[in-house]
């Protein structure tokens, strides 16, 4: 079968870094070709070359079997190559139609006036093609992330794209929205569109992809059918067989209760929530998107106000007027959006680790004890196995897994005994996930009380000693970690009455 697009021996270097080294890749018409690899494997660089953002240094690119040089994003669009970025490029104050045809709006009267009727009509044709029930005149700011993504796909198709690159398209979608996206992808496949699908999510790739190409350290490791066992694909990605963590659930029933939450309420998003976590325990929170898990975490951390309820740390009632009160009591929170909450991406590693604790190193209230700051930072980098060239490395240049570890280090320096992890591995590759899992278990072994909120049920099952399930702001069930299954958790996640028994 002739490839829509193929690359052979493609190489690309940046100052001091060889990003791509003799890469091979091809995409056929009417297939979903998944591209997998750890962060830094070269996936994004390859896609940016195909999309015209970067120019290759050497190698060959073929479009419909003919050599081609892609000189710019506009040139890529003219060649029917479209890309849907993970971070959407839409303007909230404009309508869906205006976003799709921005800069190339249909006009009449010799180009003097915008032909708004045709603009909306052309957009409606695109939406009809996708079976998308959406008015072209809807402002982007009024749409969910999932709907905005559909608009991005329609925008790419407005250039008559035959090659569509999708970068982590389900990162912010719930299960129903993922099903809708997959329906559209299958429809585009049936029309002969070739789709490059970049994702870390193994289960999704097996559902939607036809083939998988694995990259590592800037090179192509191989291309295999999507039916290939995932352990084999993971081994290709990381260059080794990942150790399957053997789940051991310790008996923490006699341990001190570090965190106790009673009668927590906030409107309809948190409704009479009760739970406790003991020293050395990992408590998982499962539920569908919008169930209230993050809202509970933010309330316990003092980030959002509550209507009623109490929070106790080591038996002592604490007043939560702000996150500072929670931190002072020994509660640390790792947000699901670490780049906006929790990590100062423009600052270096050392500053991120020590900034909240600087008062500890003030001499006479005036001078910072810089050697002590450097020592504790170096200690944390070693303890958490943070991969960074130096303490002065800017945090945004670290991989997702190492950024997460820097945030953990910050709370450990603060001596927090209760650590709340909200989506701890979101956007993190499979090798780094394994490191984060190992770290969470080590922290529990050291006597920390850990709360893990995750939308990935296999992750909840792998980590949790106990699992609480939420639906519509209530806790609808508690399941012991050694008997929990995806089926039992999903049943509880769709159950609307609250848990009758007291949660211990």
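Backbone N, Cα and C define each Cβ position, glycine as well.
Counting every protein chain shown, the Cβ of residue 37 (ATP binding site) has 27 other Cβ atoms within 10 Å. As annotated by Swiss-Prot, ATP binding site applies to 37, 38, 39, 40, 41, 42, 43, 44, with the evidence given as sequence analysis.
Taken together, the residues in the domain 'ABC transporter 1' (5-242) have a mean pLDDT of 89 on the 0 to 100 scale. The domain 'ABC transporter 1' annotation in Swiss-Prot covers 5-242 and rests on sequence analysis.
Annotated domain 'ABC transporter 2' per Swiss-Prot: 252-497, in sequence order, evidence recorded as sequence analysis.
Each of the binding-site residues 40, 42 was assessed for Cβ neighbours inside 10 Å, and the highest tally belongs to 42. Neighbour counts of Cβ atoms within 10 Å were compared for the binding-site residues 41, 44, and the top value is held by 41. Within 10 Å of the C-beta of residue 38 (ATP binding site) there are 24 other C-beta atoms, taking all protein chains into account. Residues within less than 8 Å, Cβ to Cβ, of residue 43 (ATP binding site) and separated from it by at least 6 positions along the same chain comprise 35, 36, 37, 198, 215.
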